[in-house]
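Marked as transmembrane segment by TrEMBL: A:6-26, A:33-52, A:58-78, A:85-103, A:133-154, A:185-207, A:219-246, A:267-285.
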Amino acid sequence: MTAYILNLLVLISVYAILSTTLNFIIGYAGIFSLAHAVFFGIGGYTAALVAMNVTPEFFVAVPVAMGAAAVTSLLLALPALRVRGEYFVAASLGLQVLAVTLFSEWKSFTGGIGGVIGIPAVELFGYPVYKPWQFLLMSLICLATIIVITRTLVHTSFGRSLKALRDSESAALASGKNITVIKTLSVVLSSSLAAAAGALYAFYMSFINVESFMLDTSVLVMAMVIIGGTATILGPLLGAALLMLIPSALTYLSFLPQTEIGSIQQMVYGMAMVLLMIFRPGGIVSSHPGGSK
Amino acid sequence: MSTQLNIAQETAKPVPGSGFIGSTDDQDVLLEISNLSKNFGGLQAINDVSLNLRAGIITTLVGPNGAGKTTLFNMITGHIPPTEGNVHWQGESVIGKAPWKIARQGIARTFQDLRLFTHMTVEENILTVMEPGSWLWQPGGKSRKARRYDKVSQILERTGLTDKRHTRALDLAYAERKFLSLARIMATDSRLWLLDEPASGLDPNSYNLFLRLLREEVKEGITVCIIEHNLDIVVNISDRIAFLDQGKLLADGEPETILNDPALAAIYFGER
Ligand SMILES: Nc1ncnc2c1ncn2[C@@H]1O[C@H](COP(=O)(O)OP(=O)(O)O)[C@@H](O)[C@H]1O
Ligand SMILES: [Mg+2]
């Protein structure tokens, strides 16, 4: 039972990193990306590659994974600079689909459909971290660090520039904001921090394949952000916890036909989304008028 | 006074087509619009407009709705590329430059629909304009930061928004929003202000505050181009009037001259 709960908590913290970093661009820069799982994947594959061929040291594998995602995220920044709104969503969707194909085909990097197996336990200054509670502690510390980083950024001049261009791009331009640099930087930061989640995930599972990095993951993380509440700190955390707990909660309802759990889960998500958008469009933790802050 | 002299010196090179030599009132052209045109599909929104904005005065752009006034602003600030023609700012062409670069060269503007940073507080709206650094930090460290906050306080005081410092822009009343859009450009160090219908819909008190601000700023050396229907502004505040109709510049001169022209008055008062 504790093993089950620890496992769930680790996964929640990994997804909370994803939702927090996606919220950074959705909530503060107004960039609605459906390609967040791509950088989750790049982080995972890169960390696995480093761990298996160089060293499983956390402070080597994670920075390298983040660097790889930072570089590739420029591919996402490109459409973000040119188009807004639904056009950008479509472009990010294209990138997600493209990445899944690459992840499935590029065998030397990703192991193809079969994935990467036998990823060694992560090491902290040479000490392997393999007990679940140790790993939970480590991922919680990562989550806390990332929350502090994004929270700090949001309250600096950079955060103000982001919000300015989110609220009115033309007025931000007329105020002398170099939108190219600001948007690119926000995408690079968000993507490289998402890669840290990927690295944690790869180390934790010791096996990864493309199925964890597909469109459903991107959609799930976006749902976490929107259901929890964009442009808030707590919202994405709450969203991640909620959407990770729903499936487990459902398995405990013994009257439900267990073979249909998958589709019931989808329906619950769907209903929750629809109801929420009707009654609380700002998300559970709303930053909009009528909400608390 | 010294800034005035500087302006004169900086612009004391002959600007193409400005009629610089020998004419007293043609000096100090800050912005020169030459043969500017803009087509939106089949619609000619601006048709071969040439106009100079002179330093230190208020030029008012008048004309019926749809005359192309806002479009003219959009081309000056780089938000819309012109189909033809050129715009020189202190002798240098701005056509093709990114709007943020033009803004940093000293041209500030407001928008007819304000375009405030709605989910940010009044303070943040003003502060962000004073933070030119695009990266994760601002140059100048703590002392510059303190100065920025001081300047915010001053601007809030002058625009009557002190009590609203921590209110979000979208929670402001109408007049307050208009003052915030002014506050935002007061925070820039721009020499030219392009104001798109800043006085429309203001109650008398707000209107008087607006006039006071405008006069103070012009006295400080700010050059203003203002789009306005308000007759008081047209008659009493403006040093020059440019009259635009259906994309064409029909006249450009002293207020009395323009207003005494029966043909223009007919268009202005909508008696076509
Ligand atoms: N971005 C645009 N695309 C197409 N047509 C436009 C655009 N902006 C303005 N127009 C058209 O150009 C004409 C002039 O508009 P505008 O400059 O806003 O007039 P004014 O500010 O004098 O009322 C109008 O007919 C308007 O519909
Ligand atoms: Mg207009």
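Residue numbers in this text run from 1 along the chain shown.
Note: Cβ is positioned from N, Cα and C throughout, glycine not excepted.
Sequence-distant residue pairs (6 or more apart) of the transmembrane segment (A:6-26) and the transmembrane segment (A:219-246) include at least 3 whose Cβ atoms are under 8 Å, placing the two stretches in contact. Proximity of the transmembrane segment (A:185-207) to the transmembrane segment (A:33-52) is established through 3 or more Cβ-Cβ distances under 8 Å for residue pairs spaced 6 or more apart. Here the transmembrane segment (A:133-154) has long-range neighbours at 6, 9-10, 13-14, 16-17, 20-21, 23-24, 28, 58, 122, 124, 162-163, 189, 193, 196-197, 200, 203-204, 233, 237, meaning same-chain residues at least 6 beyond its ends whose C-beta is under 8 angstroms from one of its own. Same-chain residues lying 6+ beyond the ends of the transmembrane segment (A:58-78) with a Cβ under 8 Å from its Cβ atoms: 33, 35, 38-39, 42-44, 46-47, 50-51, 92, 95, 122-125, 129, 138, 183-184, 187-188, 190-196, 198-200, 203. For the transmembrane segment (A:85-103), the list of distant contacts is 31-35, 37-38, 41-42, 45, 75-76, 79, 110, 210, 213-215, 218: same-chain residues at least six beyond its ends, Cβ to Cβ under 8 Å.
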